[in-house]
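If you check TrEMBL, you get these features:
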BINDING   A:Lys734  ATP binding site
DOMAIN    A:34-144  domain 'Methionyl/Leucyl tRNA synthetase'
DOMAIN    A:277-481  domain 'Leucyl-tRNA synthetase editing'
DOMAIN    A:730-757  domain 'Aminoacyl-tRNA synthetase class Ia'
DOMAIN    A:808-921  domain 'Methionyl/Valyl/Leucyl/Isoleucyl-tRNA synthetase anticodon-binding'
MOTIF     A:731-735  motif ''KMSKS' region'
Amino acid sequence: MDYQFKDIEKKWQQFWADHQTFKADNLSPKPKYYVMDMFPYPSGAGLHVGHPLGYIASDIFARYKRLKGFNVLHPMGYDSFGLPAEQYAIQTGQHPAITTEDNIATYRRQLDQIGFSFDWSREVRTSSPDYYKWTQWIFMELFNSWYNKAADKAEAITTLAEHFEKHGSKGINAASDEEVLTFTADDWKAFTSEEQQKELLKYRLTYLRESTVNWCAALGTVLANDEVKDGFSERGGYPVEQKKMMQWSMRITAYAERLLQGLDTIDWPEPLKEMQRNWIGKSVGASVKFGLTPTLSSGEGANSTKDSSSLSSGEGWGEAYIEVFTTRVDTIFGVTFVVLAPEHELVSQLTTPEQKATVEAYIAQTKKKSELDRMADTKTVSGAFTGSYVLNPLNGEKIQLWIADYVLAGYGTGAVMAVPSGDQRDYLFAKHYNLPIVPIMDIQNIEVEADPTKEGKYINSDFINGLEYKEATAAVIAKLEEVGAGKARVNFRMRDAIFGRQRYWGEPVPVYFKDNLPHLISESELPLLLPEVDKYLPTESGEPPLARAADWHYTLSSGAGQGEAFSYELSTMPGWAGSSWYWYRYMDAHNETEFASKEAIEYWKDVDLYIGGSEHATGHLLYSRFWNKFLKDIGKVVEEEPFKKLINQGMIQGRSNFVYRLVDEEGRPTNTYVSHGLKDQYKTTPLHVDVNIVTNEILDLDKFKKWRTEYETAEFILENGKYICGVEVEKMSKSKFNVVNPDDIIERYGADTLRMYEMFLGPLEQSKPWNTNGIEGVFKFLRKFWRLFHNDQWEFTVANEAPTKAELKALHKIIRKVEEDIERFSFNTSVSSFMIAVNELTDLKCNKRAILQDMVVILSSYAPHICEELWVQLGNPAGTLSYAAYPKFNPEYLIEDDFAYPISINGKTKMNLNIPLSLDVKDTEAFVLANADVQRYLDGKAPKKVIVVKGRIVNMVV
RNA sequence: GCUCAGAUGGUGGAACUGGUAGACACGCAGGACUUAAAAUCCUGUUCCCGUUAAAGGAGUGCGGGUUCGAUUCCCGCUCUGAGUACCA
């Protein structure tokens, strides 16, 4: 029979499902291999042809690894909490769980059609209670932990409480809030239980505190930094403003250094690592305290962070100071002013009465500027003098204190020491306000701009004069430490991640409030189920949707306060909560007593290959690494990094087609459409046309007329009897009529063709537009492959004779090629090689079992359905192909007796010459020179030089 | 501005450590089969000049360099895409 892909594919998909062919075993003597895809959010639109690209690549890899003898874990699930289902619920009143369920069904149907070798018995859904029970459990573990910097790991919060009990706050080096108390053991014991809890909260790895958040009014929720792009929400593009709110946060900054270091140990694309490094933003420098002047302290408006009374002590600096962060502490003698962010908390106190009006006007002006304006307008210099002065801690020099919006409140200490000779922003500021600029390097050129050089020797710099950069930095830091005015410090740009969302469709936070303090519910009460609500909107008083849940309160089953009803936390967890640990759930998806068993985790360990898009660089991929490190610290998992190797598949863009509608003199649209090549001779407007009625840019006129009623009577101006459409690459979207659905492709060509064509399109990592033109080539290839096994009457016919040398050569070439290609994720080149191999075997009229059976195994990772069918027809038991052995490459079959050397003169190839490979370099040269054609090219002259690279090339210089 | 990735026929792309540029496929042109069409098969297809065939020249974004030899390595530039942005 001819190649009937529909019957074949249906049959084998059914077989795999019925026999659970791809179920992975948690106990196996085989080496493990874990191949995972970024699980999808099941949107209402279903899959388009771009979505499965990465899944196909990972599936080929997973199937290949099975053939190579690995026990492969290749699971799939759904990231099913999220905003779109909730937005839909708000509009229609439909419960998000129902839409989510429907969407998952669509996704599953579409995925099944493509023939993936997923182990569906391990499917996870983040919105399912038996899954989010464990997300809540991890949250509780984080709440119960603090980060001990001395041990460089997370520890149980009880160890911190014990330390406070014994030693007070002394000797604790922890990741914590900024304002923690200093107290003795006796102080601690004297604290009320609430006071103790309040203090512990400042150390917990997930904590509640008043913080400035990205508030998106249109979405009614806060957003994490990575969910905000240029002042607008990443989803929906709504404006985002800064707002102070009581919020749950994750103390990811505790792990900043480990997150940075870990990047060097994993095999990820360099650009992606770079993005994470930038996001973490480590800078090494020093913090320096600029003391407030005593003159000021006795005057109006003086105050300090600690204790203003000590200012009169005459120390000059000491208790009252401005702290700055700098990466160039060596330039401290070039400081000519200090600048605070306008939002700095000490600004109002440090403004003198004379400057009050100016400063307040400036603050009002900067407040008006939106975040966007402030970013866009980096050229204009603006600021205001506070009237106050600070003292340089190393030479006591009196320095003006300014405010300016080029200093950001959220970075470092919100204050900078300005060195106009070395920093361009400080330079412009100094020029604009006529502040002094002092050179500090002998070779510095500061005539037109700042010169940040580290070369040369210091001048105007007190005790470091004449020194070089390295020794000067060390000397300054030593001196600062000696006088107690500063120390070496590392600063990170990364902030703690906001962990609450004022939304409905997310994991409830397992916390209730008693005396205004958060408490965990008991572990036995997990999962804390998402309650039913009448509407999915915030309440009239602005509380999150969960406040609408009737009768939703926490009651203590025992102890103090028993029977009393406490209110639950009303915000839910953000979208990234469920995706920050899901690879562990796949290891042991149905465990009811743990998130995954110890045995399962110790067997599977980590993800060997993770494939997904680069858009998750600073979100999911960073949070996942953070949670993984935490779980490692508390002894629940074994690897420091969760994803050993990661590959970003490129985005599949849309390829839009256009028709050109003629417009008349007055600019009114007509009913006539001009072909692309002639459109410049007319006045036209381009209109998107459905790419599914266009083939090789030629418009199907009948389909076009039927497409929409307005085109029913359309007329055309054709070129060469055809209507040619215009082309443009855009995002794939419904409104551009360029969406290609995999279902349609499978209907016409089958899943095997789709799989191979998606790979054939180009390198996996590269972004490229989808173009269905060309899919015929892959389809023809599969038919040609099928034909190798069949005679002219389409009867299955294979011969048992021994293969010829040529046949073995064709086979072993492809055995090696595909192996090499898959190992380096170059799937597109494999497809070409398969075509070459089948073309060769077709030319050789090869139908020998010894060749074809191995071909079936090699091709089966790419085109599994057709191969299963042929495998069985070859007489093998059904279902054994997936676990067959990849054929062994034998280099002997590729050994050649001679080689057609390209003979070139001065690097230009002139001819080819067959020369036995048994000849050595010298004999080869003689062989070439003896050739009559070569002599003709040389025109009788002897070449100056002859280069012979054995088995590659002969080059003659004349 | 900074960082990264990329630029090869009409199109998607190949050429792995410097060694025959354009594999493989699409498209296009011509042919076979057919009453015809579809399907299938065969031949050609980087460009220029020339043409029965040949022979010749140019050629991997642009300009230089290293080398017997460069799509590949080095320097400078242009363009495209992505990320990031007053980070002290």
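From the backbone N, Cα and C atoms, a Cβ is placed for every residue, glycine too.
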Helix, strand or coil by DSSP: which one applies to the residue listed as 'ATP binding site'?
helix
Please report, as numbers and ranges, the same-chain residues at least 6 past the borders of the domain 'Aminoacyl-tRNA synthetase class Ia' (A:730-757) whose CB is under 8 Å from any CB of it.
5-6, 8-9, 45-52, 56, 59-60, 110, 113-115, 652-657, 688-692, 770, 772, 774-775, 778-779, 781-782, 831, 834, 862-866
What average pLDDT does the predicted model assign to the motif ''KMSKS' region' (A:731-735)?
81
Across the domain 'Methionyl/Valyl/Leucyl/Isoleucyl-tRNA synthetase anticodon-binding' (A:808-921), what are the DSSP residue counts per state (helix, strand, coil)?
62 helix, 18 strand, 34 coil
